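A.B. asks: Just dropping this structure here.
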Amino acid sequence: MRVESLLLALQCLLGFVHYSGALSTCSPLDLELIKRKRIEAIRGQILSKLRLSKEPEVDEEKESQNIPAELISVYNSTVELNEEQAAPPEQPKEDPVEEEYYAKEVHKFTIKLMEKNPDKFLWFNITDISQTLGLNRIISQVELRLLITTFPDGSEQRLELYQVIGNKSRYLESRFIPNQRKWLSFDVTQTLKDWLQRSEAEQGFQLKMADNCDPQKTFQLKIPGLVLVRGDTETLAVNMPRPHILVMSLPLDGNNSSKSRRKRQTETDQVCTDKSDGCCVRSLYIDFRKDLGWKWIHEPSGYYANYCTGSCSFVWTSENKYSQVLALYKHHNPGASAQPCRVPQVLNPLPIFYYVGRQHKVEQLSNMIVKTCKCC
């Protein structure tokens, strides 16, 4: 039976060789055409993700005004978080579930300033967070961010994060302390969701040094913003890199996520060269002003969207009994088009800072930067 199936498949493919010869219209790949189509696709994609029917009109007077420091801080923090969380190409997510299509609005909430803070508490105004987010939003991601500026010498140590519950605290997770000035991030998505279901006006975290031998070990880290330094002005307080949470959320009606099918895939993070004909990632920089004619996006000025190109000459796995037939078909019909590589595997998000009329906004656009491609 196995031999008969193999012969039947072989006959079908060899028959297709003669048929495809008459229909073959292979032509050199027009990279400029692909770029133009990719740019136009991105134009529509960004507007769609932001739920805009057309590009916003630029308010020249508003554009020339000073941008609020708070929004610049939100944008910069989002960029830093994305850089830290970017998946290395050599460790792609296997069988990923697609992120929500629509843009996620980003909000930044800093801790309550305290004159003294010996127990290293991080208090947040939950009432303010709830009112800012509103009721009809889905919280997608929440990250607690701390800047470590002074670190202990000697052996490697850990910083532990606890959730404050009344007079007690519950352990959440820990991070190894870097030996350099660096931001630390903790995923506190579920914690904030729980807080928003309660009635308390304030909720908080506590930081502790991990030490099994000495639980009361002195806190040796310096984290700016844990206490209010005497003499701080309002401007300095705003610009101080205080501990904060970044909340990414989207409206209830924008949660149109779909799960990807599980299947075997061949993936590549290979960057295309002039001689590349196999599946690869081709670099494409989009300048918002030059390529799209947009002045309403303040930051960034552009980004590397990239795209997948090339062909997948061998897409069946060695486990498939018909792989020999495919190889034989390619041998007899070398001019036939191989399966195109047009499917991104790993895509990174893009935060943008833009104007809508007289309003400034910071939002995160999911799946905008192609990092790796796959043959499927």
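Using N, Cα and C of the backbone, Cβ positions are placed for all residues, glycine too.
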A.B. asks: Candidates are C272, C279, C373. Which one does Swiss-Prot pair with C308 through a disulfide bond?
C.D. replies: C373
A.B. asks: In Swiss-Prot's disulfide listing, C272 is paired with one of C280, C312. Which one?
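C.D. replies: Between C272 and one of C280, C312, Swiss-Prot records a disulfide, namely with C280.
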A.B. asks: Looking at Swiss-Prot, which of N125, N255 is flagged as N-linked glycosylation site?
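C.D. replies: Record annotation (Swiss-Prot, N-linked glycosylation site): N125.
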A.B. asks: Among N76, N256, find the residue to which Swiss-Prot assigns the annotation N-linked glycosylation site.
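C.D. replies: When Swiss-Prot is consulted, N-linked glycosylation site appears for N76.
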A.B. asks: Spatially, and counting Cα to Cα, which of the glycosylation sites is closest to C373 (disulfide bond)? Options: N76, N125, N167.
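C.D. replies: Nearest by Cα distance to C373 (disulfide bond): N76.
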A.B. asks: List the Cα distance (Å, whole number) between N76 (N-linked glycosylation site) and C272 (disulfide bond).
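C.D. replies: Approximately 31 Å lies between the Cα of N76 (N-linked glycosylation site) and that of C272 (disulfide bond).
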A.B. asks: Measuring CA to CA, name the entry from the recorded positions N125, N167, C308, C375 that ends up nearest C280 (disulfide bond).
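C.D. replies: Nearest by Cα distance to C280 (disulfide bond): C308.
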A.B. asks: May I ask for the distance between C272 (disulfide bond) and C308 (disulfide bond), taken between their Cα atoms and rounded to an integer number of Å?
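C.D. replies: Distance (Cα to Cα, whole Å): 9 Å.
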